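Working notes, beginning with the structure itself.
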Amino acid sequence: MEVKTSLLDNMIGVGDMVLLEPLNEDSFIENLRKRFDHNEIYTYIGSVVISMNPYRSLPIFTPEKVEEYLPGLDEAYRSLRDQDKDQCILITGESGAGKTEASKLVMSYVAAVCGKGQEVNKVKEQLLQSNPVLEAFGNAKTVRNDNSSRFGKYMDIEFDFKGDPLGGVISNYLLEKSRVCKQPRGERNFHIFYQLLSGASGDTLTKLKLDRDFSKYNYLSLDSATVNGLDDAASFRTVRNAMQIVGFMEDEVQLVLELVAAVLKLGNIEFKPESRVNGFDESRVKDKNDLKEMCELLGIEQSVLERAFSYRTVEAKMEKVSTTLNVAQVRRSALLNGIYGCSPLQDNSFEQFIINYCNEKLQQIFIELTLREEQEEYVREGIEWTNIEYFNNAIICDLIENNQNGILAMLDEECLRPGTVTDDTFLDKLNTICAEHQHFESRLSKNSKFLTDHSLPHSCFRIQHYAGKVLYRVEGFVDKNNDLLYRDLSQAMYKATHSLMRQLFPEGNPAKVNLKRPLTAGTVLCIKPNDKKAAHIFTDSLVCHQVRYLGLMENVRVRRAGYAFRQPYEPCLERYKMLCKQTWPHWRGPARDGVEVLLTDCSVPAEEFAYGRSKIFIRNPRTLFTLEERRRACLEDLATLIQKIYRGWKCRTHFLLLKKSQVVVAAWYRRYAQQKKYEKIKSATLVMQSFTRGWKARKILRQLKYEKRCKEAVTTIAAYWHGTQVRREYRKFFRANAGKKIYCFIIQRIMQKYFLGLKTTVPSMSPIDNTWSAQPYSFLEGAHTELRRIFHLWRCKKHRGQFTEEKKAVYEEKLEASEIFKNKKALYPSSVSQPFKGDYLEIHKNPKYQKLNSAVEEKVLLADVVNKINRANGKGSPRLFLLTKNNFVLADQKTGQVKASVPLPDLTSVSVSTQSDGFFALKLKEGSASAAKGDFLLNSEHLIEIITKLHRTWTTAADKDQINIDISDEFLVQFKQDKVCVKFIQGGPKNGTSAACKRKNNRLLEVSVPSSP
């Protein structure tokens, strides 16, 4: 094998059993004990890993420790990723040896070394979370292990070219067949039953028709229902979460739980015998409550399932015959076999025979892979190879699986043979055909040497397996080889509405999955150090027993029959180059030549090694250990030399540091001394300078004071002289200019008083306040008038600044109304104080006008009720008048139906009278579509607002000159083809205050307007 450097450095015991000297069973066990005591639980036989269960957690599974502790696993992954070779990890060992935990560590390793990414992480999480689900349904507490796997598992993981997992398929086989129906004392049923009853919510248990009390179910043992260190409630939550991660939908999880509940209910169903008239016995269900609840869970008619339990239908040619079954014949467990995959188990019966056959095949694969790996490497490296004699268990496999004379073939032949077929006839057949086989023993065998063996019962046979002799009872072999699930039960289950139950009982045989064995395989052999499941305890006899039946000593001898150690030339030369002066410290040629020089210089006998194409092969471990001892001695000499050089370097460095420090200290001291001397001289100089400057300053101060007194004296004399001169001039001209100056002074005082008085007499800020203070003097008339005008303009500006945009729009409309109607129409003064509301109908809020509002798509600027004047009689009809940006609309007041919609560009002019009436005529453009029925003569209480908004909107929409508004007491209106004159006269009706229209003739409408009071 190629030994990792980590197995040689700081080695506790021997890391690889191939290198163990001397090699015997005692040294083998002692080496395992030494490594186990130092927490070295992994030991190797080439690529085979021996794993000792520590029964505790060890800090050796971090990513940094993987390559050191699991080199075989690391090599397998790298070969798969880099060389595109399929890999297989075979984990074997007895119950409690740590196989389940070892498989978890393999999964954890795959998850740790693979790449990252959302999809990759999802696949890795699904692979990891498959363990809790499988353990819940396939693991149970045994006397040897609290979490014992009661099934075999084959996990096929697919990787992409980058080494990232894409998915996986998990196949289970050899599930323990009796645990659901019956458990040995001190053991439990499968975990899922206890987890469901402990961890499910009350609502869930109610739906499943279950009770939390374990004692109510026959399939659950009570003496070991609770296990120290196992929290079934927390484990149930973990399993539910793991099922969701793996990909179970919520309804699928519910189906599985219903099936588990049905198994518990099935265990409570009991049968009682009844006698029929014909003298035959039949069976009946004692208490049908559990049967009823089971049928409700699975969606099966109760009568159908009860009949399937009590009757069996036999087909003979074209006829079907139904026979009753007594209590002893009822195969409740056969139905459980279909649901859960198990049947009653006898110790070392048919099931154990199949399990041991599987183990025998695994041992055969293990030996083949070990020898094939050795042989292929020798051939690949060009090393001469002599076949090794070893025990090949193929003869045992052939005894079991031979197509003609194998035990399984004879069992199938016996099951198909017509006539009476029993387990005894099957044993007689074995005694006849296999009697001379050296690995088969029977009390009734023709081989006379077993006739006196009283330890062998009459109904048993014994097979010499690779791990030792095993006794089998033939009772039940024939029945268990047949499918005893009666067709009645299968058909009853297939009628269930429960979808998962129908999948468990399909019509026809399900497709078989054929898994190909990978080209290369790694093996992990798990060993249990003690039966107490306790840490730090190593039982020699137990470990020795496992070493013997696993064939570990034989495996070591097979590997040591060739070359015990091999290593590529480059790492070998790098490790041992210090043993030869020619290769130390650097070899300047090919690595193989360097190894040849090295081994020649070390005087290694030629028969102890061989040169391969890329590796050096060493036959005896003693040679390797000799090289290691010489290397260790050289390393000690090198360490001494390194220490000497280091100490010399350290002392020289220390001396140079002291020397440099002394120079630095001296330089700093000299600097300090010179600095102190300089500061002393500087201080003396400053004192001398201060005295000198003080003397000079005092001298200058005396001079300046003298000059100042002289200047002040001259100034005083000049001032007195100039005063005398001024007084002389003032007396000379005083009388001539005094009156004029007094006048100007008085005028200034009057104006000052006037302006200060305005501050208290200024009127309010209202623009309509026309008050102003009286004019005090006639010469201020112009200023008084101008100030009043300026103040009014400023006041108006301040007032306008307070307007909002909406208020500005209102004032603009009022201003426009003033321009149109002021001094032109008698109705205008009364409209000034009335605000322009626009929408008098509240058309958007009133549900009455919802239809009209939806018909008018544009924003309504004005909505009011007007009277449309009829030409025939001069009477008015109420109409709704709507004004939008581009149209005005007339609609019926009651129904809201649009009577007319006129675009504003079709409007040519508007005519109104000069009086206080509300009549106005809308004249349309001749030839337009809107003018087909003529002009509109309307009457409104809000005439001023309507005309103003119409004028303002038409001007904006048409982007033309202003609309023509004709204000006259007599104007023409076009009614279809005729023109009618509308004339307004003073003197309204006697009993009324509003204007009235009356038809005089076909060409004249007369409007009487009341006189203004």
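Note that Cβ sites are derived from N, Cα and C of the backbone, with glycine treated the same way.
According to TrEMBL, the feature domain 'Myosin motor' maps to 12-632.
If you take the C-beta of Glu94 (ATP binding site) and look for same-chain residues 6 or more apart in sequence within under 8 angstroms, you find Cys526, Lys528, Gln546. Residues or ranges marked as ATP binding site by TrEMBL: Gly93, Glu94, Ser95, Gly96, Ala97, Gly98, Lys99, Thr100.
The annotation domain 'TH1' is assigned in TrEMBL to 825-1011. For the domain 'TH1' (825-1011), the model's pLDDT averages out at 83.
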TODO: Might you list, by sequence position, any residue in that chain lying six or more from Gly96 (ATP binding site) with a Cβ less than 8 Å away from its Cβ?
DONE: Asn53, Thr142, Arg144, Asn145, Ser148, Lys528, Asp531, Lys533
TODO: Around the Cβ of Gly93 (ATP binding site), how many other Cβ atoms lie within 10 Å? Please give the count over every shown protein chain.
DONE: 19
- [ ] Around the Cβ of Ala97 (ATP binding site), how many other Cβ atoms lie within 10 Å? Please give the count over every shown protein chain.
- [x] 23
